[in-house]
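Pulled from TrEMBL, these are the features on record:
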REGION    1-21  region 'Disordered'
TRANSMEM  45-68  transmembrane segment
TRANSMEM  80-111  transmembrane segment
TRANSMEM  123-141  transmembrane segment
TRANSMEM  186-203  transmembrane segment
TRANSMEM  224-249  transmembrane segment
TRANSMEM  261-288  transmembrane segment
TRANSMEM  309-333  transmembrane segment
TRANSMEM  353-369  transmembrane segment
TRANSMEM  390-407  transmembrane segment
TRANSMEM  427-446  transmembrane segment
TRANSMEM  516-534  transmembrane segment
Amino acid sequence: MENSNSNNDDHNHYPNLDNDPKAPLLPLQEPIETSENSYNSNIKIIFTVKNLLILLGPLLCMIICLCVQFEGPKTSRDMLAVLVWIFWWWLTEAIPMPITSMAPLFLFPLFGIASSDDVAKTYMNDVVALVLGSFILALAVEHYDIHKRLALNITLMFCGDPLNPPLLLLGICGTTAFVSMWMHNTAAAVIMMPVATGILHRFPPSSGRSDPVSNFSKAVVLGVIYSAGIGGMSTLTGTGVNLILVGMWKSYFPDAEQIGFATWSFFGVPLALSIFIAMWGILCLFYCTKSSGSALSEYLDKTLLKRELEALGPMCFAEKMVLSVFSVLIALWMTRSLTDDIPGWGDLFQGRVGDGTVSVMMATLLFIIPSKKGKGEKLMDWNKCKKLPWNIVLLLGAGFAIADGVRRSGLAQILSSYLDFLENIPYLAVAPAVCLISGFITEFTSNNATTTLVVPLLIQVAETMHIHPLFLMVPGAIGAQFAFILPTSTPSNIVGFSTGRIDIKDMIKVGIPLKIIGIGAMTILMPTLGALVFQTNGQIPSPGILDSPIHTRA
């Protein structure tokens, strides 16, 4: 028995003894790590590309603090140094973007740009509340597959009999643009891309040739990502850029007439519609001709779409209630502030109510109204909200903090002097010039970052030129949304590029003419419709008084 136990112990310690005849009879010791090996290992761990990119942020900040001198206050130089540090981390993603977005909370107080309380307040305002409420409603729409039902219904409506590919493309793009009007354009692209690719999966794999099937697939993917961006232009909730613009306008000009949901929509919807029609025409011209219907009808017909719609079943009580809450929210947004002659319901509260108030209030209802799916179950619970994109919320807050810091420090006044060439160009050419500058920058950095950087400078330029600030601010913000050329210029583009159905050549082929048309649309609409909606031909508002070096010196 003892020998047996001993043998068992041997097999436990040397399990490969019988299995592998070449196995060593004695266990091999792990190689002892010498001090030299340990040193080399530590060096490799420390000196990684990621760590070097992290280190470059404060290093660039220090170089600017030591080498750059402005005629203005010291805080303007410090603000530039901090701005370079933050933007470097944003561009390289050396650390996660949401964490970089919180950097102003410690950098601004340390560099004497603003107090910790002042910085923290910029991270939560009515605009951020508007975003949070909208995201919760968007999660409810996604949870109950309302977006999918809407897409299938509209696709069936536009499919045509026989199949009409341009009309079907219009249906898919139109649905995406409509969804993007009420939620962030990236979220709309993420939601609608699976719906679009679900239709494309019925086609055979692409052969790499320029055949009708692969061309239509490219048109659909490009149409979804561009429609998400274009639809987002039309409303305040469609993209963070519009919210940043409105937040900066409210911050810089607190006594001026504020831009409400309805006001922006009166300008944004016609602009987005004109660009959307142009986008559809370009896609049809390059990729989706009517004659391709015969090749596509073999794989896509109304019967398949109806079958998928029937699989969803009839609309349940929860879906109807979510749609009802969403519809009431849109109605409240549109009627809060109407015109000077016809006051909206917001006047009942002496202007204390904002779009964020309504957004959070209606989102709260989702946690009160029962879903009738289970005992005590509500339309939404906090577990369903775990997917809230806090990264976008923090990015918005960072944008407001940076805009406030650029203004407080005096950096905006200094940098705006480098845009003084705008004073020498014709009045009607100012809007397209600003849009072109902003549209170029946005291809290499995020839309929100471009707006955060450019808009404060444009406010200073407008003050120097003695023109209405919105005449420059709106083209600057809209131009930042013309990220049509590079895949990395916006998350929506990355969503489409990751499908593998398009390449950079396709984006350049469609993106360049679309960007030109977008700038042309701004050139026409800003001096005409923009003057009417934003009253840019009226009295020029005065900026609010700030406790900043600029105003102290004045």
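Positions of Cβ are set from backbone N, Cα and C atoms, glycine also.
Counting residues 6+ beyond its ends, the transmembrane segment (309-333) has Cβ neighbours under 8 Å at 137, 140-141, 144-146, 148-149, 152-153, 156, 182, 260-262, 345, 355, 358-359, 362, 365-366, 369, 371-373, 379 in the same chain. Sequence-distant contacts of the transmembrane segment (427-446), counting only residues of its own chain at least 6 positions beyond either end whose CB sits under 8 Å from a CB of the stretch, comprise 87, 90-91, 395, 453-454, 458, 465, 467, 471-472, 475-483, 485-486, 489-490, 515, 518-520, 522-523, 526-527, 530. For the transmembrane segment (390-407), the partner stretch with the highest count of Cβ pairs under 8 angstroms, out of 80-111, 123-141, 516-534, is 80-111. A Cβ distance under 8 Å defines the sequence-distant neighbours of the transmembrane segment (123-141), meaning residues of its chain 6+ beyond its ends; these are 105, 147, 182-184, 187, 236-237, 240, 243-244, 246-247, 250, 322, 325-326, 329, 354-363, 366, 379-380, 384-385, 387-389, 392-394, 396-398, 400-401. Within the same chain, residues 125-134, 136-137, 140, 236-237, 260-261, 321-322, 325-326, 328-329, 332-333, 336, 346, 378-381 sit at least 6 positions outside the transmembrane segment (353-369) and bring their C-beta atoms closer than 8 Å to a C-beta of that stretch.
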